[in-house]
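Noted in Swiss-Prot for the protein shown:
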type: ACT_SITE; residues: ARG195; note: active site
type: BINDING; residues: GLU45, ARG117, ASP314, ALA327; note: FAD binding site
Amino acid sequence: MAIDGSGVATPAPSGITVIIVGLGPTGLAAAIECHRRGHKVICFEKNPKSYRLGDLISVTGNAVRVLQEWGNGSVIKELQAFQCNLDTLEVYNETGDLKLSAPYNATQAKDEYMLRRSRLLDIFLQHLKSLGVEIHLGIQVADYWETESSAGVTVGGEKIVGDCVVVADGVHSKGRPQVSGEPFALEATDGIAFRAFFNASEISQDPEASWILRDAGEKDCFKTFYGKGLVMMVGTAENHEYVFWSCGHKENVMAHPSSVATVLDLIRDWPVSTRLAPLISKTPGDNCLNQTLYTRPPLKKWVSSNGRMIVLGDAAHPFLPHAGQGANQGIEDGAVLALCLEITSKKDVPLALRVTEKLRYQRVAAIQQRGVEARDQSLNVDWGNGGFSKKLTLHPAWLHDHDCIKQVYEEFDKAADAVTKGHEHTFGGIPVG
C-alpha cells in the first residue's frame, strides 16, 4: 500500500467496481469501507444534499470499531467534537416527577457517541468526498440489472456497469423487490414516532419554553418522560446550541397537517404538559417529522439470483428505533461486505455477497426482536406497579462488544461452507441461551 499526504494508507486496487444506491449511514459506510479495501466505488443518492430531518443518533461500540479506522482516526475525533455533552440521563413520569437519574459522562462513555443524525451523515459524507470517490447526488436510479458477469443500474437511460450493486435506499427501498424477489411489504407496528430538531434560538427568548436551556446549564441534557402508551424525550445537543424532542405513541394516530399539533394533543392530559407544550409549540413547521414505525419479517434472501446485487441496512432489515441500532447495523453491513469482497477478490464476487448475508442474517434478526421487546417495555410503563414490566440489559456484550471484522476473519470459511454446501451453521454476534 502507498501512503498519502495525510499519512493514511492507500489500498491497492482490487479490480472490483461496487455501485452503491443510497447514502444514508449504510450506504456511506459501505462506500468508505469498500474504498478502504481497494474497490472502485460509484455512489448514487436521490436527495440533492445530505441533510435529513431527525433527532439524535447513538453510535455504539460495535460500530465504533469500524469507524476508528477511517481517516487515521479523524472521523472519530469529529464525532467526539460534536457529541452531546451530558452529565446525566433523567427519567420522569407523566407528572414530571424524577424517577431515575443515571450518570453519563460523555468523555468516558464506553465507545459511544450521541449526536445529531444530520451531523453524523455530514461527517460521513465529507469523509467520503475527501477520498475522491465518485458521488452523484440528486440522482434517481431507474432500474437494477445483472448478468452472470456484471451488475449495474440504469440512470437517465444510461446503463452504469459494475461487478456488484449495493441497494441501501432505506426502509421504503425501491430496489428491494428486484433484488430479493419478494414483494414490497412492510408491517406497520402499533406505533408512530414524531421527531424534531431545531436551533435553540427558537426558544431562548421565551421564558416558558427556555427552561430546557436553563436545566442544561453549560452542558447538554437528556430527559425522558414515560406514560402509559406514550414516551416523550426532550433535550439539547452540541452544548445547547440545538434542541430536540421526540414522541413515541403506541397507536397509529391520525396526524394533523402539523405534527406539532398532534403531539400537543397526545400529551394534553399529562400534568407535565404545562412544561413540555411551550417548548414543543416553538418547533418550526418544517422541522418536525412524523413516521409510522415499520418492521417486516426477515427477508428470505438479501442477494439476487445471480449473486451480484445485495440489499443492506434498512432496505434489508428495518429496525424499530427502540433497538438503537439502525445506523450501527448498517455500518456493520458495509464493513462486512467490503472485507468479504477483498477476501474472495474479483473472481468470486457472488460468493462474497452470499457470505455477507450468512454472516449478518442471524445477528440482525436477533436485534430486530430486541427492538420489539424494547418498544413493548417503553410503551407499557406502569409507574403504579413498579414502572418497567421487563428489564432489558442496556449494553449487552453480544450486541455492543461485537467485532464484525474479527467475525469475518474467523467465520468466513464456515459461511462459505453454508453457501456452497447448504450446511446449517450458527454464527457469532447473537445472544447465547
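A Cβ is built for glycine as well, from the same backbone N, Cα and C atoms used for every other residue.
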Recorded FAD binding residues, GLU45, ARG117, ASP314, ALA327 - maximal Cα separation rounded to whole Å: 17
ARG117 (FAD binding site): tally of other CB atoms within 10 A of its CB: 20
Helix, strand or coil at ASP314 (FAD binding site) [DSSP, three-state]: helix
The residue listed as 'active site': secondary structure state under DSSP, collapsed to three categories: strand
Cβ atoms near ASP314 (FAD binding site) (within 10 Å, other residues, all chains): 24
Residue among binding-site residues GLU45, ARG117, ASP314, ALA327 with Cα closest to the Cα of ARG195 (active site): ARG117
Neighbourhood of ALA327 (FAD binding site), C-beta criterion under 8 angstroms, separation at least six: GLY24, PRO25, THR26, ILE57, VAL59, ALA63, LEU120
Where ALA327 (FAD binding site) falls in three-state DSSP terms: helix
